[in-house]
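Trainee: Quick one: this structure, given as structure tokens, is what I'll be asking you about.
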Amino acid sequence: MKNNGIVIFGGTGDLAYRKLFPALYNLFCLGKLPRDYRIVGIGRRDYSQEDYKNIVRDWMKDFSRLKYTESDFNEFKELIHYYEMDMSKEEDYNGLIDFLNNQGIIKSELIYYYAVSPQLFLPITNGLKKVQCCTGKTKVIIEKPFGENIESAEKVYDSLREYFKDENIYHIDHYLGKEMIINIMTLRFENAIFSGVWNKDFIEKVEINAYESVGVDSRGGYYDKSGALADMVQNHLFQIMSIVAMEKPEDSSSYMIKEAQGEVFKSLKPIISENIDENLVMGQYKGYREEEKVNSDSTTETYVSLKVEIDNDRWRGVPFILRTGKKLHTRESEVVISFKSMSKNAGGNSIIIKIQPDEGVKLDFNIKKPGTENQIEKVGMDFCQSCILENRENTPEAYERLLYACMESDRSLFSQWNHIELSWNYINNIIDSYKKYSNKLYMYEQGTKGPKEAL
Ligand code: BG6
């Protein structure tokens, strides 16, 4: 079921410029976008078609994975259109349809991409409904966070389902398109040395870290209403956790994989409200309140460390510690699996799955230090996948992979509604307990590892 183009609501936003256009440009350069494909960016700004194409050009120079060339871009820009409208006003959608018709773009064969803050999801769906854009072919991609809490997520989902077919709704979680996250299953299930010890008898704890050195930049308006728990933990980190923790799926179909992940969400042990401080630490970087479009007395968290437990036979008693934050000392995402020690003389092994910026796997183990009788030291085997030039050149960016998968109607790398529902329920309970029993927000210096109180 091929689509003939994509409409990007939020076509003048950060996501469109940094991720979506580079992904589309790279697909185009690789010959994976038909020459008659159409890309319509939608925004409120008063740009001419030429202005918009020139802005996209500048971003491609900075953000394209493949080398930018003038000749490729000159062909690519023929695919691009810009339409100015207020996405929150239903009456503006008639104009959009006239515009699409005038360009010869078939409205029902498009992918509609909601690259906007969650408050606009409902108005956009209502606007599209009003002008009857949808047939069985029309697809919609919505960006996380899906809603602002479980109630608004349900509303958004219900309204989408009234209009779009279930199998045409794509919930994007771009971490699921990252090379090393896709690789976790192979690593776990295709290696006897890992697969046999992937449980509570051998593993002491699991840490999933996504550190960012950037702040909120121009996204203060969105971020201040969201915060790190909803922006990163409820989706990206929970998805990684579910892949690290799931049972081996019965087969490799996307359905079975999603089912196996879903079981992990169902087994999350509720956190006892009164003990919330033992399981959750929230922080905010100093200077956050002075950021553009952020409330001057904001209590939004820009750092979270959260300890959860999966209450099943494989994992009972093993803490999973999830950490993420902005304006930290480094940009680095990784999964660290720490094994129990075999004796009091040596520390346990660890496996580090490096997600970004380096991609690879590191295994630490104990040996006898050469020349000594029994002194033990830790050594590492380090496989850096992204250090191999050929791998780097051939590895698509997450958005490239995901947009292409949507065009091909491949849903395996997308998040699905029951995961979103289960994870929102869990996170909402945590937020309620935090508000009732804690409300502590630790300030941290920019460029550090976050609050010293962190788990
Ligand atoms: C997005 C969050 O989903 O992921 C951003 O909204 C965050 O706040 C970004 O910066 C991180 O993505 P990546 O791919 O740079 O780790």
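Every residue gets a Cβ built from N, Cα and C, even glycine.
From TrEMBL, for reference:
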type: ACT_SITE; residues: His236; note: active site, proton acceptor
type: BINDING; residues: Arg44, Lys144; note: NADP(+) binding site
type: BINDING; residues: His174, Lys178, Glu212, Asp231, Lys326; note: substrate binding site
type: DOMAIN; residues: 7-183; note: domain 'Glucose-6-phosphate dehydrogenase NAD-binding'
type: DOMAIN; residues: 185-454; note: domain 'Glucose-6-phosphate dehydrogenase C-terminal'
Trainee: Which binding-site residues, if any, among Arg44, Lys178, Asp231 have a Cβ under 6 Å from ligand 1, given in order along the chain?
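Mentor: Listed by sequence, the hits are Asp231.
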Trainee: About how far apart, in whole Å, are the alpha carbons (Cα) of Arg44 (NADP(+) binding site) and Lys326 (substrate binding site)?
Mentor: 28
Trainee: Pairwise over His174, Lys178, Glu212, Asp231, Lys326, annotated as binding substrate, what's the top Cα to Cα distance to the nearest Å?
Mentor: 20
Trainee: If you count the other Cβ atoms within 10 Å of each Cβ, which of the binding-site residues Glu212, Asp231 comes out on top?
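Mentor: Checking each of Glu212, Asp231, the winner is Asp231.
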Trainee: Whole-number Å distance between the CA of Lys326 (substrate binding site) and the CA of His236 (active site, proton acceptor)?
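Mentor: Their Cα atoms are separated by 15 Å.
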Trainee: As a test of the contact definition, list every same-chain residue at least 6 positions from Lys144 (NADP(+) binding site) whose Cβ is closer than 8 Å to its Cβ.
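Mentor: In sequence order, the residues whose Cβ lies under 8 Å from that of Lys144 (NADP(+) binding site) (at least 6 apart) are His171, Ile172, Asp173, Gln234, Asn235, His236, Ser415.
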Trainee: For the domain 'Glucose-6-phosphate dehydrogenase NAD-binding' (7-183), provide the mean pLDDT of the predicted model.
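Mentor: Taking every residue of the domain 'Glucose-6-phosphate dehydrogenase NAD-binding' (7-183) together, the mean pLDDT is 93.
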Trainee: Which residue, out of the recorded positions Arg44, His174, Lys178, His236, Lys326, shows the minimum number of other Cβ atoms inside 10 Å of its Cβ in this structure?
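Mentor: Relative to the other recorded positions in Arg44, His174, Lys178, His236, Lys326, Arg44 has the fewest Cβ atoms within 10 Å.
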